[in-house]
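Trainee: Quick one: this structure, given as structure tokens, is what I'll be asking you about.
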């Protein structure tokens with residue numbers, strides 16, 4: 001079922017979107033010392049004196065964390081953009097932000113302006129906020145339900161590849177030198193241009209074309225290209241079945257979605273999974289990595305190369321998840337990932353606390369770090385994006401991704417803001433906080449999350465109907481308010497759009 005167009009669309013979309021998100025998470029680590037020196041020299045040239053350590057730390061913290069603020073803005077504005085331009089065109093147009101950000105950041109040293117670097121980080125965050133909503137939405141709508149999970153994991157895989165690429169390019173032999181660090185940010189242009197050149201030649205989401213643009217002809221052609229077959233009548237009928245249910249509805253707003261009783265537990269589940277995705281402690285792991293490797297006796301000059309093992313493990317675990325998700329399902333991978341993180345966080349806490357008393361414990365700490373990263377990427381690293389695309393009907397999906405994106409970026413910002421205080425107060429015991437969050441997330445998902453593997457959007461909706469305490473009829477009325485035909489008419493007729501704008505009736 002993996003047609004050429006489907007493969008190219010997923011790889012190109014992810015390379016210019018989620019890859020850049022991962023890349024920008026890690027790209028600031030290697031040149032941090034050089035960038036701080038640039039900040040200080042610029043300040044001294046302007047004002048005639050060096051900035052104090054507190055001001056320098058504040059500027060650097062703003063540079064790193066402002067990326068999340070930009071991401072929040074992108075997540076908020078994505079709904080009207082994908083509604084007006086469509087999923088694919090949103091991804092293409094989003095490259096304008098990436099190119100602008102790359103130019104600002106890469107030319108900041110030449111211009112002698114650290115404000116350009118900070119502004120570029122904000123704009124790059126906007127790009128990430130839009131792409132992390134638009135890309136999963138696009139992938140979930142172009143893929144057959146049999147491989148929807150595997151295709152959705154492409155987002156997580158390319159995030160990991162982006163992190164790993166940022167680590168590799170930051171090595172001293174490549175761009176990790178004082179005179180070359182602007183090239184680390186200029187490299188962002190390459191994936192953006194590749195996506196901008198290739199993606200326009202691929203079809204728009206067929207579900208978007210059929211349900212929102214009412215263009216049956218283009219939707220049929222899109223299905224044919226993505227599925228690699230001429231007869232797509234079954235897929236068209238499957239989408240039209242949803243269209244018949246929601247023919248009287250319009251795209252719902254966030255407020256309307258939050259007030260809809262029929263999707264209450266879907267929203268709560270998305271909020272929990274997205275919150276745990278950022279609050280589970282992986283950022284704390286990155287913070288501790290260099291220190292733990294140093295305590296294990298690894299030479300400080302060698303640590304950047306050893307750190308590559310974390311990016312490699314992350315990538316391999318994400319690929320493994322993509323290969324097995326359609327066999328094992330979303331539920332066991334997500335719950336199992338959080339569960340394993342609880343175990344390894346507990347062992348890591350003991351190891352870090354006692355590592356000065358037993359000579360081999362630092363090596364156990366290294367193992368725990370790699371195991372936590374692998375556990376995260378097997379399930380929690382990508383499945384939350386897949387579930388957000390699967391839980392909601394077409395008219396609700398943009399608002400749902402806006403909610404998921406807002407929770408994601410607010411949680412990201414909270415971790416960056418609060419973790420230094422948690423670490424200062426609890427020292428190595430800070431990992432018990434993250435173990436508690438992972439345990440709470442796994443427990444909630446064990447009792448609430450249904451398996452969505454190989455199910456249509458309508459079947460997934462039915463799985464939540466009992467928990468939402470609504471009948472199927474009430475569910476449809478809550479989802480799709482408006483004048484409804486009698487049940488007899490609904491059973492015998494449906495309306496489907498045609499190219500010339502007229503409508504025709506068909507017998508079910």
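Keep in mind that glycine also has a Cβ here, set from the backbone N, Cα and C atoms.
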Trainee: Scan 360-387, 472-499 against TrEMBL and say which stretch is down as transmembrane segment.
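Mentor: Based on what TrEMBL states, transmembrane segment spans 360-387.
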Trainee: State the residue range annotated as transmembrane segment by TrEMBL; the candidates are 36-57, 58-79, 212-233.
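Mentor: That would be 58-79, the stretch labelled transmembrane segment in TrEMBL.
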Trainee: Identify the transmembrane segment range according to TrEMBL, selecting from 245-266, 267-288.
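Mentor: Among 245-266, 267-288, the range TrEMBL annotates as transmembrane segment is 267-288.
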Trainee: What stretch, picked from 91-112, 118-139, 267-288, 303-325, has the most CB pairs under 8 A with the transmembrane segment (399-420)?
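Mentor: Maximum Cβ contact count belongs to 267-288.
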Trainee: Tell me, what is the mean pLDDT of the domain 'Major facilitator superfamily (MFS) profile' (10-453)?
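Mentor: Mean pLDDT, the domain 'Major facilitator superfamily (MFS) profile' (10-453): 88.
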Trainee: Taking contact to mean three or more C-beta pairs under 8 angstroms, with sequence separation of 6 or more, is the transmembrane segment (151-169) in contact with the transmembrane segment (303-325)?
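Mentor: By the criterion, they touch.
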Trainee: Are the transmembrane segment (58-79) and the transmembrane segment (118-139) close, by which I mean at least 3 Cβ pairs under 8 Å that are 6+ residues apart in sequence?
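Mentor: Answer yes: the transmembrane segment (58-79) meets the transmembrane segment (118-139) with 3 or more Cβ pairs below 8 Å.
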Trainee: Under 8 Å between C-beta atoms and at least six residues away from its ends: which parts of the chain pack against the transmembrane segment (91-112)?
Mentor: 13, 16-17, 20, 38, 42, 45, 74, 81, 85, 119-121, 123-124, 126-127, 130-131, 134-135, 138, 181-183, 185-189, 191-193, 195-196, 199-200
